[in-house]
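S.K.: Below is the structure I would like to discuss, written out as structure tokens.
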């Protein structure tokens, strides 16, 4: 069984993430969305909230599972018995960091391959950071996130 692990902070999960997850769900038997605790990033939403939002966004995909984690990714991927890391590349600027990360992961988990997918063109400019900034300033984010995520952001930034 081909199991792919798609790690990220997902703060919040966007339609760009959702696009990659849907496509991965067609390519792999089982997709694990690994929501990282990432305390150094000081996330807007708690780990539990980010897991719940990712579950809501992916509930229509029967072969997708959402799991939170706070351990070393190389250990977590083995624990989850995944054989592929999935990473998204929005632009060339993402490649250098992702290439470095893939090589480090190869050292730490040599049996796990890294696979890169680019988002559909209509989502290539979306980032969680931009979504948070637009939401914080009262902008319309409905084109960029699932309605449940838009509601959570509106609640978070209530004035």
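Positions of Cβ are set from backbone N, Cα and C atoms, glycine also.
From Swiss-Prot, here are the annotated features:
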BINDING   9, 41, 73, 87  substrate binding site
BINDING   9, 10, 17, 88, 89, 90, 98, 123, 124, 125, 126, 127, 128, 129  ATP binding site
SITE      17  site 'Transition state stabilizer'
S.K.: Quick one: of the binding-site residues 17, 89, 98, 124, 126, which has its CA closest to the CA of residue 73 (substrate binding site)?
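M.R.: Of all the candidates listed, 98 is nearest in space.
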S.K.: Which of the three DSSP-derived classes (helix, strand, coil) applies to residue 87 (substrate binding site)?
M.R.: strand
S.K.: Determine, from DSSP, whether residue 41 (substrate binding site) sits in helix, strand or coil.
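M.R.: Helix, per DSSP.
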S.K.: Compare the Cα of residue 98 (ATP binding site) against each of the binding-site residues 9, 41, 87 and report the nearest.
M.R.: 87
S.K.: Looking at the binding-site residues 9, 124, 128, which sits with the largest number of other Cβ atoms within 10 Å of its Cβ?
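M.R.: Ranked by Cβ atoms within 10 Å, first place goes to 128.
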S.K.: Counting other CB atoms within 10 A of each CB, which of the binding-site residues 17, 41, 87 comes out lowest?
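M.R.: Comparing Cβ neighbour counts within 10 Å for the binding-site residues 17, 41, 87 gives 41.
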